[in-house]
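Here is what TrEMBL says about this protein:
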{"type": "TRANSMEM", "residues": "A:12-29", "note": "transmembrane segment"}
{"type": "TRANSMEM", "residues": "A:75-96", "note": "transmembrane segment"}
{"type": "TRANSMEM", "residues": "A:108-130", "note": "transmembrane segment"}
{"type": "TRANSMEM", "residues": "A:136-163", "note": "transmembrane segment"}
Amino acid sequence: MQIQTTPQDHHIARLAALAIGLHMVEAILPSPIPGVKPGIANIVTLFVLYRFDLTTAAWVSLLRVFAASLLLGQFLTPTFMLSLSGALTSLLMLVLASRLPRRWFGPVSLSVLAAFAHIAGQLLVVRLWLIPHVGVAYLVPVFATAALIFGLVNGLVVARLLASHDAAPRS
Amino acid sequence: MRAALSAARAHPFPRLLAGDWLTLLASLLLVVLLFQALWQSQGASKLRIRQGDTVYATLSLDQKRTLHLHGPQGETEIVIDHGRVRFLRAPCNSQYCVHQGWLTRAGQVAICLPNQISLELLGKRKSYDSLNY
C-alpha cells in the first residue's frame, strides 16, 4: 500500500525528526534538579513557527512528543503525560503570543512565554493528578526560574538560527 | 555551509527587541513575586508547648513571659519575647535545646528530649517540616 504524501508532509517529518533527535539527546543528559530540563527540542518548534506556520509547528511539536515517548518507552506514562501537557499549553500560548506585533516581540519573547506556559501546564497536571498536595506550590518558583533562563537561551538560539537562515541561500 | 558560517559571522548575536526586554522584565518580576509568595516562611503567631505526650499549652507569641516547666529531669525555663521563644535553662546534659537559641519563624521546633519538652512555632497555616518528591 502506498500512502500519498505531500512535500509538506516530508517537511514536517524532517523537522519532527530533528526535534525527536534533540529530545533524545536531552533525555540522556543528567539534570541537577529532577524535572528541570532545558527543553531544547522547543527550539525546533519555534523555528518552524517562524519559517512555516503555527499548524506545522503544532504538528512538529506533537509528533515529537509521541514519537520520542515511544522511543524512550514512556508512552502513556506520567513522563509522557507531563511532556504532552507541557507541549499543549505552550502551543496554546504560542497561538496567543504569535499575534503580538512582530516589530517589537521577537523569538525570545515567544520562547519565554511558551516556557512559562509549559511549566504551568505541567505543574497543573502534577497538582491535579500526580501529587495532589499543596506542597507542590513550593516547587513553583524553582520551575519558574528554570523557565525564564531556558526560555531566554532557547529564544536566543532561535533568533540566531533565523538570522543565519535568512542570510543563507534557501535550499 | 560556508554561507551559513559567513552569516554566523555577520550576525554575531541576535538583538533583543523592545518587547523582548519587556517580556523578560515581566517574567523576572513574576519569578521574584513567586519566590516571595511561596518561599518566604511566614512569621509565627503562636507557640505550642508539648510535655511528654500531651500539649501543655498553646500560647500567643506576642507577649513577654517566662515559663517554668517540670519534666522528669527537673525544671526547664522557657522565655517568650514578643514574637520569639527559646529555652533559657534546662536540666539536661546536652543542652542542645538551649543552644538552639531563639525560634522566630513558623514551623521551627526546639526539643528537649531528656526533659520531654518541645516548642513549636505555629503560623496561620500549618507548614511542613519536610518535603519529598
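The backbone N, Cα and C atoms fix where each Cβ goes, glycine too.
Same-chain residues lying 6 or more positions outside the transmembrane segment (A:136-163) and placing a CB less than 8 Å from one of its CB atoms are 33, 35-40, 42-43, 46-47, 50-51, 106-116, 118-119, 122-123, 126-127. Beyond its flanks by at least six residues, the transmembrane segment (A:12-29) meets 37-41, 43-45, 48, 56, 59-61, 63-64, 67-68, 71-72 of its own chain at Cβ-Cβ distances under 8 Å.
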